[in-house]
Structure formats: structure tokens, C-alpha cells
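First up is the structure itself, then whatever we jot down about it.
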Amino acid sequence: MGEYKRPVVSVVGAGNVGEHVANLTAIKELANVRMFDLARKDGDKTYEIVKGKALDIKQMASAIGCDVEVEGYTVTAEGDGYEPLEGSDIVVVTAGFPRRPGMSRDDLLSKNVGIIRTVSERIAQYAPDAIVIVVSNPVDVLTYAALKLTGFPSNRVMGMAGVLDTARFKAFLSMELKVSVKNINAYVLGSHGDDMVPLLSVSNVGGEPLTKLIPENKLKEIVERTKFGGGEIVSLMGTSAYHAPGASVVEMVEAVLNDKKEIAPCSVYLEGDSAVHYEAEDICIGVPVKLGAHGVEEIIKLDFTEEEKELWKSSVSSVKSGIERIKELGLI
Ligand SMILES: NC(=O)c1ccc[n+]([C@@H]2O[C@H](COP(=O)([O-])OP(=O)(O)OC[C@H]3O[C@@H](n4cnc5c(N)ncnc54)[C@H](O)[C@@H]3O)[C@@H](O)[C@H]2O)c1
Ligand SMILES: O=C(O)C[C@H](O)C(=O)O
């Protein structure tokens, strides 16, 4: 009996989003999955929940006839136990605190950046050739932190946000227009926060511009609902979304593993030509990129309308202020 020669996707942080990433990766038979999380103490008992979740997902895969290996590993907050990251093709980072009602994503920064620091150091140590997809919030700033702390080239570190924000925008548009999401072409760029930029100028349904199909006031409502799409779920559930975020990560995982050359909005580092084009440098922020086997293979340079330029500028300045905060605190 030989070993399965499949790609390996590691998921650090096997909470709500992490377990959905693991689950979908297994269901789609994209890769063997390794999950990493802390032990949980309850009174005098210690639970290794991540090992239980991995076993459960392995058995789910068996129930539906999927052949993948799924392993769970308990790690410590100090960074012990990460050796099984070795050989990972992709590492998805979802470790960290989610927000609660009344919080902004930026409120998570000081707590989550310490976690990202430890995790990034271990990725660099044990999986130096991996592609990293950061999910933990505030994602643009933490993607920047992971890029600097791993020291990886910028094509191998990206944040997931635009795929999710675009999925939300398309969901609301399809609900309004009663048309398949497959016929909706749309982009949400910029920061993953209240300043995100739904790009109306390039969004269309079957080639017809949104502005022709939906009255201005209604379109404005849909744009606002998209911008606060994460918050709407937090206020309903008391914690943040995980089905759509998990699926959005797996869309990116699949594009990389299958070398799809898929254009998707991702939070990436702007430098060179792309920094000049988008008038922002030394920042990770959402722009359309071509995703393939090498990770970010190209940054697509879209032109904005004057109105979109103004929105883009405030997106850039909100991410920049997060980056300044962690620099001032000496966290990166
Ligand atoms: N980028 C996006 O679009 C997007 C979407 C959804 C969620 N998020 C973010 O993803 C993160 C996770 O969300 P969630 O709903 O899965 O939260 P969760 O609380 O369900 O899961 C987080 C997991 O991280 C683990 N963890 C905490 N510290 C760790 C450490 N030092 N090492 C390893 N694991 C550690 C926790 O034990 C927990 O299981 C949050 O920061 C959330 O805001 C981002
Ligand atoms: O809203 C959140 O805090 C989580 C995530 O960023 C989301 O948009 O669902």
C-alpha cells in the first residue's frame, strides 16, 4: 500500500471558518487537510477539539465517498506543535478572535496581530515554500503583517476578503433581479471594512450595466448592505459569518491548486507598477489578481471613476492607519 500523493492544505485555527475550509477542501477532494488549534480547558478537563473535528471531517468524507486524509494537531499559543506544517502547499490562517456585536474588525487588531506573529514565524520555519492565505481580521493589516513576518515574496501571501464581499454583493443583486449569480459580473475591492469599494462601473448582469437595471436608490441600498454584510450577520448570530467565508477561501485554494489563472479580488501587496497605478504603496489591499499555481501571478490594473477614486482613497487610508498602529506598537 502506498501513500496518497495529494497537495496539502493546512488550516491554522480550526474554529468556525477554519473547520468550514477543512470541510469544503475535503468534500471537493482538493487536498489532504491538516488542522491546527489550541487545546481547550473546561474545569479540570482538557479537550483536544481540533483532533476531534479532524476525525469527524475524515468520517464525513468517508460517508460521502471522498478519499482524503484529515489530521488534527494541538498547538500552543507560544508556537509549539507546528512541525506538521512541513510539506504544506497552502496554509490558511484563521486563528484569532472574531468580532462580537458592536465591534469593528479593527477592534480585533491588537489581540490578533500577536497570534499572526507566532503563526507566521512557524509557517516560515516549517513551510517556507507554502502559499499563505490570511483570513483573520482585520485582514488587510494582518496580511501585511504576515507578509513582513514570514519574509515570503509577495506573490505567496494574500488575504481573503474580496471574494467574500463580491459574493455578498452578487447574492443581494441576484435576490433583487431574480437572475442567476452566474450571470452577474461584479467586483468589490479596497479594504475589508466599512470603506470597501463596490465597483459599479465594471459591474453588469449579462453585459447590461447595473445602473441601467436597478433604480439608483435601490442600488445604493444594496451597496450599503454589501458594505455592512459582515456586520449584519454578526448582529444576527452574535459572532461572525463562516459558511460564505469558508467557501470564499476554498475558491482561492482551488484556483491555486488547479492553476486556474482565475481573476479574483484578493488583498495583496502593492508594489512597482501596481502601486503606481493604484496610487498606494507598502500596503495590502483588495485588488483583482490572477490566481494560479504561483499564487498571485498578476495584479490587474482597473481604472476607477472619479467617485470610485474617492472611495478607494479612504479605503487606503484606513488600512494605512492600521499598519501604522502595529508599526508604532512594535508588533511587526
Ligand atoms: N477575511 C474575512 O473575510 C473573514 C471572514 C470571516 C471571519 N474572519 C476572521 O477570521 C477569524 C476567525 O473567525 P472564526 O469565526 O473562525 O472564529 P472562531 O473563534 O470560531 O475560531 C478561531 C479559532 O482560532 C483559534 N486560535 C486562537 N488563538 C490561536 C493561536 N494562538 N493559535 C492557534 N489557534 C488559535 C481558536 O481556538 C479558535 O478555534 C476572526 O478573526 C474573524 O474576524 C475573516
Ligand atoms: O464581519 C466579520 O467580522 C467577519 C468577516 O470579516 C465577514 O465579513 O464576515
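Keep in mind that glycine also has a Cβ here, set from the backbone N, Cα and C atoms.
Some features that TrEMBL has for this protein:
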DOMAIN    9-159  domain 'Lactate/malate dehydrogenase N-terminal'
BINDING   G13, A14, G15, N16, V17, G18, D37, N112, V135, S136, N137  NAD(+) binding site
BINDING   R99, R105, N137, R168  substrate binding site
DOMAIN    164-328  domain 'Lactate/malate dehydrogenase C-terminal'
ACT_SITE  H192  active site, proton acceptor
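Here the features listed in TrEMBL are placed on the structure.
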residue: G13; record: NAD(+) binding site; DSSP (3 states): coil
residue: D37; record: NAD(+) binding site; DSSP (3 states): strand
residue: R99; record: substrate binding site; DSSP (3 states): coil
residue: R105; record: substrate binding site; DSSP (3 states): helix
residue: V135; record: NAD(+) binding site; DSSP (3 states): coil
residue: R168; record: substrate binding site; DSSP (3 states): helix
residue: H192; record: active site, proton acceptor; DSSP (3 states): coil
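Ranking the binding-site residues R99, R168 by how many other Cβ atoms lie within 10 angstroms of each Cβ puts R99 at the bottom. Checking the binding-site residues G13, D37, R99, V135 against ligand 2, the ones with a C-beta less than 6 Å from an atom of that molecule are R99. Between the alpha carbons (Cα) of R99 (substrate binding site) and V17 (NAD(+) binding site) lies a span of roughly 13 Å. Proximity of R105 (substrate binding site) to non-local residues of its own chain (separation of 6 or more, Cβ distance below 8 Å) is seen for R99, N137, P138, V139, H192, G193, G230, given in sequence order. The Cβ of V135 (NAD(+) binding site) has 28 other Cβ atoms within 10 Å, all protein chains considered.
Spatially close to V17 (NAD(+) binding site) yet at least six residues away along the chain are T94, V135, Y242, P245, G246, V249, judged by Cβ distances under 8 angstroms. G15 (NAD(+) binding site) sits 22 Å from R168 (substrate binding site), counting Cα to Cα. R168 (substrate binding site) sits 24 Å from G13 (NAD(+) binding site), taking the C-alpha atoms as the reference points.
In this view, N137 (NAD(+) binding site) is surrounded by 27 other Cβ atoms within 10 Å of its Cβ, with every protein chain counted.
When averaged over the domain 'Lactate/malate dehydrogenase N-terminal' (9-159), pLDDT in the model lands at 98. Other C-beta atoms found within 10 angstroms of the C-beta of G13 (NAD(+) binding site) number 24, with every protein chain shown included. Looking at G15, D37, H192, the recorded positions in this record, the fewest other C-beta atoms within 10 angstroms of the C-beta turn up around G15.
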